[in-house]
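As annotated by Swiss-Prot, active site applies to Asp324, with the evidence given as similarity to another entry. The feature compositional bias 'Polar residues' is assigned by Swiss-Prot to 211-225. If you look up Swiss-Prot, you'll see Asn53, Asn188, Asn296, Asn360, Asn384, Asn422, Asn501, Asn592, Asn646 marked as N-linked glycosylation site, on the strength of sequence analysis. Positions annotated as region 'Disordered' by Swiss-Prot: 186-248. Annotated signal peptide per Swiss-Prot: 1-18, in sequence order, evidence recorded as sequence analysis.
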Amino acid sequence: MRVPSLSVLSFLLGTALAAASNFEAGLLSSGKVSLGDWKSAHEKASQFVAKLNTTEKIKLITGSSVTTTNGETFTALDILDGDMGAQAYYYVSAFSLSSALAMTWDKEAMYEQGRAIAAEFYGKGIQMVAGPTSQPLGRTPWGGRLVESFGPDPYLNGIATGLETRAYADVGVIAGAKHFILNEQETNRTGGMGGGGGAPGGGGMGRGAEFSSSVPGGMSPTSSAGAIPSSTSTPGGSGMGGGMAGSSAFSSSSSSGAPYSSNADDKTLHETYLWSFYDAVHSGLGGVMCAMTKVNGTLSCQSSSLLLDILKTELGFPGMVWPDTNGQQDALASAANGLDYGSSSLWSESTIEGYLESNNITEARLNDMAIRNLMGYYYVNLDNGTQPSTAAQDDYVDVRANHAKLIRSHGSKSMVLLKNKNNTLPLYKPHKMAIFGSHARAAVAGPNMQFSVEGSGPTYDGHIATDSGSGQASLPYLITPENALNIKASQDGTMLRWIANDTYSSSTGSALVMQGSSSTSVTPSVSAYSENMDVCLVFINALAGEGADRTELRNTDQDNLINEVADNCDNTVVVINTVGARILDSWIEHENVTAVLYGSLLGQESGNSIVDVLYGDVNPSGRLTYTIAKTESDYNVDICYTAQCNFTEGNYIDYRYFDAYNVTPRYEFGYGLSYTDFAYSNLHIQGPSALSTYPTGQLAVGGYEDLWDTVAKVTVTIRNAGSLDGAEVPQLYISYPDVAKQPVRQLRGFHNVYIKKGQSTKVTFELRRRDISYWDVQHQKWAVAPGTYEAWVGASSRDLRTHGSFVVKTKA
């Protein structure tokens, strides 16, 4: 199949400010969006704002506490990173990163972790999480922050984002999803060749910005979001306009900055990058962080098209939009075009009052901004007065409960078994074991250590269990593999040796000293330590994070270590924890590399989670959330080093690209082995009756209501045909009729089901209307194509075990 090429888009920044026709766009008071269960929150917020004067409204939208004329007080929200735990706090848990959670493919785990994180935020008196982190999605595997998000597949990412959003709201904490939108790399995100970031774009914005651990008190802007000016290649041109105050010539009420522009067409924007934000809004999202970067030439936080037309109208988003660091650069452009919370240095009282007097913004717009700042607060019932007061970072307020058990369990569920030759794993009481690699042990300082990612090496000298920047958890302690393996060895009577470094030579001054009798002394070298072992474990990692993109997808020192161990040990097991895709081909086919266990960053219980899988206390059920290629050149998108980053690949990223161009991966999206075997049978499809081409329901929070209706069901029977109990992850892939112009196959359902040996279970996938819709650019609507839809169910995107089809007839 040949992917239709997408022309490189050219864009113009709009210069007209405050067009009168846009004054009503995106206003909650317009009644265009049915608020559903947000109605009560809107009534309360509107009543509160009605009691404020202009000065008080301006204080509210710039992060200050306000008191009404009759004495009602709203205390400014505390916003904090992130979706791996309360950053920079004591007596909190360090959860696995979002990328690890996604690798569980377990909806219950996704919701459980969201509830646990929210409970800790709530207990610390923090009202809003700067999360979930839906994007960067994963356009390129070199992206520096992919470890923070749920992966490049829109459906999987959307399910995880929605479940975490719902979990936060159910506990009573506001979810603030980021980064909106097309913020797919760190390079040039602030206009320089480096990643930059860290400092708020203006004053008066308390805690909440990216790198919030270095920002004292209050509330500040955090993650990224995007905006889209008009594209000459977009049919009809609608839905892609740059908006009112889109000028790059900043006024005196501007802050400087020139980040890259992500240039994507309307179809790509909707079908790949907006998908997960639909899930979040539908699930109770109270905040959206707009990115510091541009989309189609306009700053994301200053685009009426993105914020007013798409987010607040098309998606029906009822909450507030706040900026990532440096995302707000022009006072009027941001105020007029959809930003709701901003910097007091730009939105001063005199500035906003001047805009009102000159009719550059209306009173209705100011009221809407103020109301949206309160919507999430009332929606999650923070007004009930039961939340504890805000704790200082080092106060002894222990909110961890039994979360360590959950973290350990989710970590082990996320580990992916890539290779298991001759059933090497699980291990059973080996007599002699050797451990290699710095990733097996703790770093020399820790468990929390501030360091700069930009300019640092691509690996971490120690066991890496959390990220840096906004993705860094506050580790109360860290269980390393070395810790957990020593405990196992003491229980099993295993003899251990280790070289806890990635490089080693037996030169003078070596830390390895020959001592003991001739029966126990060993020449201090990797080859000597790996000889005559029952099993050799090699631990490797990869480092990346906010502020810089990855410089390599493999590491020479680590690969040399693996090959040297495998040359001397006929049972070499490699354990990898990485921030993204890792090329394995320099050693994966080595005959002595018998097993490979692969995962993301697992939090405080990391070593226990890994060892639980190595020894079979947990049967692995993790699955890849991205494609591992055979070589770097097999990926189709690199980091963009220019000011204009054109998304000419369209929807074809990760497995959708590999499938379209018949590129054979090393390990495909959705791949993962188990210690047992599963068989698939009895596929049955209950197809839809005739469907309207376009949605006919009411425009509501999360888009048109009937987008979420179940229109078809696919059922399959799965049998555990092996000798061990275990969990399988059946995956549903759909192909569309040609008129929809879609990838070869797309994920449209998954489950993680535990099945005892010899038993069977029936699994049902429910297809929603949106799951079989495509974006009709001409009509600016989600459309269902008439014709035959193919359905495959299998164990990965390429291991498809059973197949069927259904026909959809459409009506006007």
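Cβ atoms are placed via backbone N, Cα and C, with glycine included.
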Which of Asn53, Asn188, Asn360, Asn422, all glycosylation sites, has a Cβ with the fewest other Cβ atoms inside 10 Å: Asn422
Nonlocal neighbours by CB distance (under 8 Å) for Asn501 (N-linked glycosylation site), same chain, sequence gap 6 or more: Gly437, Ser438
Cβ neighbour count (within 10 Å, all chains shown) around Asn384 (N-linked glycosylation site): 9
Alpha-carbon spacing, Asn646 (N-linked glycosylation site) to Asn384 (N-linked glycosylation site), which is rounded to whole Å: 48
Between Asn53 (N-linked glycosylation site) and Asn296 (N-linked glycosylation site): CA-CA distance (Å): 37
Length of the line joining the Cα atoms of Asn592 (N-linked glycosylation site) and Asn422 (N-linked glycosylation site), in Å: 11
Glycosylation sites (Asn296, Asn592, Asn646), the one with most neighbouring Cβ atoms at 10 Å: Asn296
By Cα-Cα distance, the member of recorded positions Asn188, Asp324, Asn360, Asn422 nearest Asn53 (N-linked glycosylation site): Asn360
Packing count at the residue listed as 'active site' (other Cβ atoms within 10 Å of its Cβ): 31
Candidates Asn188, Asp324, Asn422 (recorded positions) - the one closest to Asn384 (N-linked glycosylation site) by CA: Asp324
Coarse DSSP state, helix versus strand versus coil, of Asn501 (N-linked glycosylation site): coil
